[in-house]
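Okay, structure first, notes after.
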Amino acid sequence: MNDTTVAVERRFPQAIIIGVKKAGTRALLEFLRLNPIIKAPGPEVHFFDKNFDKGFDWYR
C-alpha cells in the first residue's frame with residue numbers, strides 16, 4: 001500500500017432490502033442509489049441463501 005492509497009473499512013449494512021422476483025426491489029435499489037450518501041453493493045449479494053455458511057468475515 002502506498003501513501004496515496006486509503007484503507008477502507010468494510011462495515012455491515014444499516015439496512016437490508018429483502019424482496020422476491022418481480023416485486024420492485026431492483027427499482028427501489030436504483031432509486032436509493034440516486035442519493036449521494038447511500039452506498040449500495042451489487043443488486044444481489046446472496047448472503048443469507050448461498051453464503052451464510054461462510055460467515056460474517058466473508059461478507060465484509
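Note: Cβ is positioned from N, Cα and C throughout, glycine not excepted.
Per TrEMBL, the feature active site, for sulfotransferase activity maps to K22. Sequence-distant neighbours of K22 (active site, for sulfotransferase activity) (same chain, 6+ residues apart, CB-CB distance under 8 A): none.
Summarising the annotation, TrEMBL assigns 3'-phosphoadenylyl sulfate binding site to K22, A23, G24, T25, R26. A23 (3'-phosphoadenylyl sulfate binding site) carries neither a helix nor a strand DSSP state and counts as coil. Sequence-distant contacts of A23 (3'-phosphoadenylyl sulfate binding site), defined by Cβ-Cβ distance under 8 angstroms and a gap of at least six in the same chain, do not exist.
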An 8 Å radius from the center of the K22, A23, G24, T25, R26 Cβ atoms defines the neighbourhood of the 3'-phosphoadenylyl sulfate site; name the other residues of that chain inside it, in order. G19, V20, K21, A27, L28
Nonlocal neighbours by CB distance (under 8 Å) for G24 (3'-phosphoadenylyl sulfate binding site), same chain, sequence gap 6 or more: none
I want to check the contact list for T25 (3'-phosphoadenylyl sulfate binding site): same chain, sequence separation of six or more, C-beta distance under 8 angstroms. What comes out? I17, I18, G19
